[in-house]
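Asker: Straight out of TrEMBL:
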TRANSMEM  42-64  transmembrane segment
TRANSMEM  84-110  transmembrane segment
TRANSMEM  122-142  transmembrane segment
TRANSMEM  162-179  transmembrane segment
DOMAIN    191-444  domain 'GP-PDE'
TRANSMEM  456-476  transmembrane segment
Amino acid sequence: MVNHAKLQYYKQNYCLVCMTGLLGCRWHRYKQSTRDSRKRDLVVFTLVLLTFLFIDFLLYYVLIAKNDVYNLNWYMFWEFKKWISMHTILLAVVVTLFCYLFLLMILSVCHVINGHQLYTHPVHIVFVVLCLCFCIAVTVVLDELWKTEWAVVWLSLKITGPFLQIGVVTLMTALTWIIAKQWLTLSTCCVQFVWLTVYLILAPENTLISFQTAMNYNVYGIETDIRLSYDGVHFVFHDSTFRCTTNIADVFPDYIDSSVSAFNISEIKQLNVGSWFLKENPFGTVGDLSDEEKNIYNSQSIPTFEELLTFVNKTDLILMVDVFGTSEWHPEHNRTREIYMEMIKNSGIPKSRVWVTGNHKDYNVTSIPFPETNNPVQYVMRDNFTHVNFEHHMLSGEEIKEFQKYNITTNVFQVSAVWLYSLYWCMGLSSVTSDKCHVLERLKEPIWHLPPRNYLILWIAVDVLSALAVITIFIVQRRRILRSTFSPKQVYFTDVIIGPKRPGN
């Protein structure tokens, strides 16, 4: 007679199975190990941690760089002749890698909490190394192509610094419960704010309709670029060729890459700048336009400087002008400045409402220094400028205060992010140049404001509370571990082998 008895039963813990399976591909109970982690396991965990911190930094950089996203997209457009939203692609890749590394970190922490060996599968190790190489490569490329953005990242810490500090301290305090357990186990074993804009987000760049649209958002002024045609007429345009933002391929296909100054104004007027905007939809705003607006945009030509002056003279807007020079082969090469200065004078617009880049003290305009100027404070004070216009990464908080001290009107470009706008608002800046007036106009006050004294109090309070929490956690963990010590003689059997009794027993 054969007797059958159930020798043993294991209660399956599916959470542990998923934990060890996802990190180390140990999907069976007999493969799970509660032994101490090897040095190799700790080295791999350190690699994962460093890569995770690196991707955190890269994600922060990409999010902050959104303020200047269109500079990067325009650069890619000029290089590849096709509109590519490189920032969106980079953000998607970085977020994907962040989620993957975050999952690995969570699984690793769960291994430590449950006392399992910190084993990471070789496939994960390969992917982590590839992620680290990707982060290094992207950082090198960004430093080469977008070096000025580091100043923006540093500037952003004035806004995000308190939140980052509180978040990091809170996270480290929470992790102390795990760290203390492992350690003890081992040891026992503002002002009114205005802005100027080119308004290229909702309408074609440097067109009359873009300036008219900007007025709907209570702008302080408009900023534009001026070039000279071959027959001596100034017109409103930024690029050096018509390839990117016009339909020149349809009108003059043999002269796509010719200089804009090589065309007569009659030829320039044949080009259309609205059809390109509607076709490429570079900023994702075309879908919000009505059919009437699309028809208006589709008929936009390149305006002359005289048409722009006529438009500005009917408003109270300030006009900021950046005039491009011409090559030596141009017949009006030596008279470029005289021509547009005469036009400004004849327009009747007051001097205070026309800001022109360069030193033009002998003309009826307000001169502003070139944005590329080094040592801006010294240069401005030496040449007695009353208005300045610099890119946001070029001015420090101390330099802005220095300009305010001498009552110098200060404008900063290009400001599109709400956090950067709020920061300059709190700094008391006079104005900023933006291409997102429809977004910034909704902001009636800075997103948040914290005086330096209050920030110091917050910093000290958070650190003190964190220190008290860490000490308390160590004490509690130490007492728990001491109470759980046992004698080697004490053995507990949780599983008993049951079999049939033998005769005579």
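Each Cβ is built from the backbone N, Cα and C atoms, and glycine gets one as well.
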Asker: Take the C-beta pairs under 8 A between the transmembrane segment (84-110) and each of 42-64, 122-142, 456-476. Which stretch has the highest count?
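Answerer: When the Cβ pairs under 8 Å are tallied, 42-64 comes out ahead.
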Asker: Let me spell it out: take the transmembrane segment (42-64), skip the flanking residues so only those 6+ beyond its ends count, and list any with a Cβ under 8 Å from a Cβ in it.
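Answerer: The answer is 87, 90-91, 94-95, 97-98, 101-102, 104-105, 108, 118, 120, 124-125, 128-129, 131-132, 135-136, 138-139, 142, 149, 152-153, 156, 417.
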Asker: Who are the chain neighbours of the transmembrane segment (122-142) in space, where the CB to CB distance is under 8 Å and they lie at least 6 residues beyond its ends?
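Answerer: Answer is 23, 25, 44, 47-48, 50-51, 54-55, 58, 61, 90, 93, 97, 100-101, 104, 149.
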